[in-house]
Amino acid sequence: MAAIDVTTANHPYEADDKLDDTVPEHVIETQQANHEIADPGLKRSLKSRHMQMLAIGGVIGPGYFVGIGNGFTNGGPAGLLLGFGIVGILLWIVMQSLGEMAAFLAVSGSFTNYTSRFLDPALGFSLGWNYAFLWFGILAAEYNNLGLVMTYWKSAMPNYGFILIFWCFFLSFSYLGVLAFGEAEFFLTAAKLIFIMAFFLCSILITSGAIGDQGKVGFKFYKDPGAFADGAIGTFKVFVFAALQYSGTEMIGLTAGESANPARDVPKAVRFVFWRVLIVFIGGIFFLSLCVPWNDPTMLNGASKTARSPFVISFVNAGLPRGGDAVNAIIIVTIISALNGALYVSSRTVSALAHESKAPKFLGKINKRGVPTNALIFSNLFGFIALLNLSSSAGHVYSWIVNITGVATFITWAGICWAHIRFRAALKAQNIPLDDLPFKAVLFPYGAWIGLIGNLFFIFFQGWTAFLSPFSIEDFFMNYIMIPVFVIMYLVYKFWNKTKWVDLKTADLVTGRREFNTEDLLVDIKKPSILKRFANTIAG
């Protein structure tokens with residue numbers, strides 16, 4: 001079957017530099033500026049298996065194994081399931097929107113670039129830096145977590161020593177390029193998934209009384225101490241935590257710019273998101289809730305972060321104390337994976353902003369291996385924020401930086417859904433048929449609107465508990481500081497550059513489009529099994 005040349009589509013201007021004389025000058029300038037965005041020098045080396053592994057478990061971080069205990073104590077098992085379920089639905093909707101755009105327009109800036117193309121360049125600026133700040137915070141948090149976990153074995157080396165050593169290691173490793181990143185994530189994610197599946201099996205044996213000295217447990221913890229820890233208040237506290245745990249899934253959009261075949265691989269990866277939410281997160285919470293009560297004293301007052309992990313507690317309560325070593329080992333794997341991913345995402349985001357003239361130009365430098373070297377060093381510098389946690393007063397500031405990342409995630413997701421709504425409107429305005437799309441979002445337009453409204457709701461109402469008596473000014477600022485920061489960035493950029501709302505009739509629907517072969521797209525749907533047809537139908 002012949003290849004489809006996407007440059008022959010019916011749109012205001014073509015994909016090469018040959019433009020019609022009637023095309024407005026500002027459209028020509030836009031295309032020329034976006035040529036560098038489409039091919040900034042990154043290597044398209046990521047394979048289908050890399051993309052799928054990233055979708056399944058690339059962002060399963062230490063919060064899944066340790067931090068989830070805070071979610072248990074705040075919301076209880078039912079509150080945690082409800083919170084992760086609702087935010088998981090929002091995530092699935094967001095990824096449907098992002099998948100449709102990324103499969104069609106594969107650029108390294110992904111949704112920050114889409115926001116500039118279809119909404120307003122000022123929104124692209126503020127959303128891009130909002131997303132970069134999110135990952136700077138995660139980067140600092142993971143460096144700190146890695147130092148703390150390494151001291152689990154009572155090493156003579158202080159926490160800051162581990163931070164400095166691993167800072168140099170990850171910077172050096174990132175210089176190897178995107179293929180090294182993809183291979184590392186493939187095997188690290190495989191290790192995480194093997195451990196999670198093994199825990200599912202162990203939890204079944206524990207609750208059935210087959211192992212341990214607790215006897216048959218069943219669902220007794222749903223009765224005593226109960227399914228909810230603090231009612232609606234506790235459940236609302238889970239929402240931001242869930243967003244933080246899910247953050248990074250949108251990484252798939254960024255990897256599309258370095259994928260060998262985004263039209264084929266992005267839709268596959270998007271479908272895997274549904275099963276990751278259902279099996280890894282919802283399944284993991286469910287099995288933990290059978291093994292550990294939400295008011296377990298160790299989870300509240302454990303001697304260390306690892307000791308407070310509900311995974312460790314479930315093994316200890318079952319008479320398997322060596323399980324703590326196994327959990328600590330897998331936590332190190334997840335932190336290494338999280339740092340690897342955080343450096344990748346933050347550096348690519350900053351580099352893309354530089355190529356769009358939304359960051360200093362020197363940050364857009366890319367070497368022959370396709371590595372944005374200056375953006376990589378710049379992003380990694382934020383890892384030193386972890387050193388603030390060495391003193392109690394500065395550590396308080398550090399906690400703020402980490403906690404606001406959940407709200408930044410909701411802002412990012414809202415921007416993706418809004419860009420998707422405008423993207424579809426641009427297709428209609430330029431008479432581009434939907435059949436040109438390699439992947440179509442399920443439930444459009446309802447899904448995109450639900451995603452936009454749902455994320456806006458959480459942006460403004462996730463911190464309502466700060467208004468309860470007594471009013472907490474600290475909690476208020478921690479929950480809402482990113483909103484004025486986002487608005488200020490938008491207004492400053494807009495007034496300084498005098499940007500205008502994008503005219504959808506001339507919006508750029510070319511930059512990032514590649515030729516794709518219909519055989520490549522159809523290879524996975526030839527004679528699909530009944531199980532695969534069912535899975536694809538459920539996941540979109």
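Glycine too: its Cβ is placed from the backbone N, Cα and C atoms.
Just so you know, TrEMBL annotations never went through curation; they're auto-generated.
Sequence annotations record features per position, and here TrEMBL assigns domain 'Amino acid permease/ SLC12A' to 50-501. If you look up TrEMBL, you'll see 53-72, 78-106, 118-140, 160-181, 193-212, 232-252, 273-295, 326-345, 371-391, 397-421, 442-464, 476-496 marked as transmembrane segment.
If you look at the transmembrane segment (326-345) against the transmembrane segment (442-464), you find fewer than three C-beta pairs under 8 angstroms, all six or more positions apart, and that falls short of contact. Against the transmembrane segment (118-140), stretch 476-496 shows more Cβ pairs under 8 Å than any other of 160-181, 232-252, 371-391, 476-496. Touching of the transmembrane segment (193-212) and the transmembrane segment (273-295) is concluded from the presence of at least three CB pairs under 8 A, sequence neighbours closer than 6 excluded. Counting Cβ pairs closer than 8 Å to the transmembrane segment (160-181), the top stretch among 232-252, 273-295, 371-391, 442-464, 476-496 is 371-391. Where the transmembrane segment (273-295) meets the stretches 78-106, 232-252, 371-391, the count of C-beta pairs under 8 angstroms peaks at 78-106.
If you look at the transmembrane segment (78-106), the same-chain residues 6 or more away from its ends with a CB under 8 A from one of its CBs are 68, 71-72, 113-114, 222, 227-231, 234-236, 238-239, 241-243, 245-246, 249-250, 252-253, 256-257, 259, 262-263, 266-267, 269-270, 273-274, 277-278, 281-282, 285-286, 289, 413, 416-417, 419-420, 423, 436-444, 447-448, 450-451, 454-455, 458, 509, 511-514, 540.
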